[in-house]
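Participant: Take a look at this one; I'll ask things after.
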Amino acid sequence: MTYNIVALPGDGIGPEILNGSLSLLEIISNKYNFNYQIEHHEFGGASIDTFGEPLTEKTLNACKRADAILLGAIGGPKWTDPNNRPEQGLLKLRKSLNLFANIRPTTVVKGASSLSPLKEERVEGTDLVIVRELTSGIYFGEPRHFNNHEALDSLTYTREEIERIVHVAFKLAASRRGKLTSVDKENVLASSKLWRKVVNEVSQLYPEVTVNHLLVDACSMHLITNPKQFDVIVCENLFGDILSDEASVIPGSLGLSPSASFSNDGPRLYEPIHGSAPDIAGKNVANPFGMILSLAMCLRESLNQPDAADELEQHIYNMIEHGQTTADLGGKLNTTDIFEILSQKLNH
């Protein structure tokens, strides 16, 4: 079997971190004996510059045919038209591929707890995943309107939309430490009342998973005061957007965090959580670990290569533990150095 991968380098530092990661993929495929082919497509601001829109039909169709999609980063101050922004291409891609589940791991690597803005003893051993519903909720709700006197947004969830994201979270929790925290605002929101009801019903199908409920404001506090207590957190779109960004600073750098977006049966999208960082683009100083860890997620989830994913992650964790990092993590290496060291480790 030959896996079909679509590469979307995007904007800013996206091309350099993605292209370097693809060089690692070539080494890994030879080592673990699997085949793949890459289709490169412009996306985001780069696509606006070339084609006048952030996501062309050609690119979208290629993504629909793919086994996996790897995205570098998009956006930047260059693209200011509110009706034609790079981010609109990503929203359209998620919706078109029905990428309803966003998976965001947060791991504090051994030896790197000093990088966290929190006390070391508070974050050591943190290993959690936030499962965020991605295609419904207040970001997509209708009706919505805005004028100088009034603005309206609509927060709507159906039972089916809640059930499918909750099943993803339960299955993930069952494969990890067996603990699921469901986040809502059940004390004031009707949508959260339905959310909690559905979570309790679905929990009957997963007796091996312990479930607890937290209001979103309480969860935001516990993420700071005791992040180690969490295993898997599941939440609706807006809450997940906020909480996953909060959790991402716990390890000390946005550059350490990967993410994946899943549908039930279509291609999955893998990308680092950081932005395009146009101020450092082309300077060979970008931290590529988030992109490489996203590649590891792709190896495990879409390319059926769990051993390769484990090896790649362990090499990264060992590098971080021994201070072999870029400047944002306190090290002295540049982007190329990171890829060269990992290439040597993988070839060993």
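The chain as shown is numbered from 1 upward.
Backbone N, Cα and C atoms are what each Cβ position is placed from, and that goes for glycine too.
Keep in mind that this is a model prediction, so the values were computed, not measured.
Sharing the features that Swiss-Prot gives for it:
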type: BINDING; residues: 76-87, 275-287; note: NAD(+) binding site
type: BINDING; residues: R94, R104, R132, D217; note: substrate binding site
type: SITE; residues: Y139; note: site 'Important for catalysis'
type: SITE; residues: K185; note: site 'Important for catalysis'
type: BINDING; residues: D217, D241, D245; note: Mg(2+) binding site
Participant: Could you tell me the C-alpha distance between D245 (Mg(2+) binding site) and R104 (substrate binding site) in angstrom, no decimals?
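Facilitator: A Cα-Cα distance of 9 Å.
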Participant: Return the residue, from the listed binding-site residues D217, D241, with the maximum count of other C-beta atoms within 10 angstroms of its C-beta.
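Facilitator: That would be D241, with the most Cβ atoms nearby.
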Participant: Roughly how many Å lie between the Cα atoms of N84 (NAD(+) binding site) and D241 (Mg(2+) binding site), rounded to a whole value?
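Facilitator: So the Cα of D241 (Mg(2+) binding site) lies 22 Å away from that of N84 (NAD(+) binding site).
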Participant: Spatially speaking, which of the recorded positions K185, D217, G275, N287 is closest to Y139 (site 'Important for catalysis')? Use C-alpha to C-alpha, please.
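Facilitator: Result for Y139 (site 'Important for catalysis'): the nearest of the recorded positions is K185.
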Participant: Measuring Cα to Cα, how far is D217 (substrate binding site) from G275 (NAD(+) binding site) in Å?
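Facilitator: Distance (Cα to Cα, whole Å): 26 Å.
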Participant: Please work out the number of neighbouring Cβ atoms within 10 Å of the Cβ of R94 (substrate binding site), leaving out its own Cβ.
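Facilitator: Other Cβ atoms within 10 Å of R94 (substrate binding site): 17.
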Participant: Between D279 (NAD(+) binding site) and R104 (substrate binding site), what C-alpha distance do you get in Å?
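Facilitator: R104 (substrate binding site) has its Cα 25 Å from the Cα of D279 (NAD(+) binding site).
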Participant: Rounded to an integer, what is the Cα-Cα distance in Å between G275 (NAD(+) binding site) and D241 (Mg(2+) binding site)?
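Facilitator: Cα of G275 (NAD(+) binding site) to Cα of D241 (Mg(2+) binding site) measures 14 Å after rounding.
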Participant: Please identify, among the recorded positions R94, R104, K185, the one with the smallest Cα-Cα distance to N287 (NAD(+) binding site).
Facilitator: R104
Participant: Let me make sure I understand the span of the substrate site: among R94, R104, R132, D217, what is the greatest distance between any two Cα atoms, in Å?
Facilitator: 27
Participant: Out of T80, N84, which of the binding-site residues has the smallest number of neighbouring Cβ atoms within 10 Å?
Facilitator: T80
Participant: With every protein chain in view, what's the tally of Cβ atoms within 10 Å of the Cβ of K283 (NAD(+) binding site), excluding that atom itself?
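Facilitator: So the number of other Cβ atoms within 10 Å of K283 (NAD(+) binding site) is 12.
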Participant: Please report the Cα separation of K283 (NAD(+) binding site) and R104 (substrate binding site) in Å, rounded to an integer.
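Facilitator: Cα-Cα, rounded: 28 Å.
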Participant: Relative to the Cβ of G76 (NAD(+) binding site), which residues of the same chain, six or more apart in sequence, are found under 8 Å away?
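Facilitator: Residues satisfying the criterion: D11, G12, G45, P86, S276, P278.
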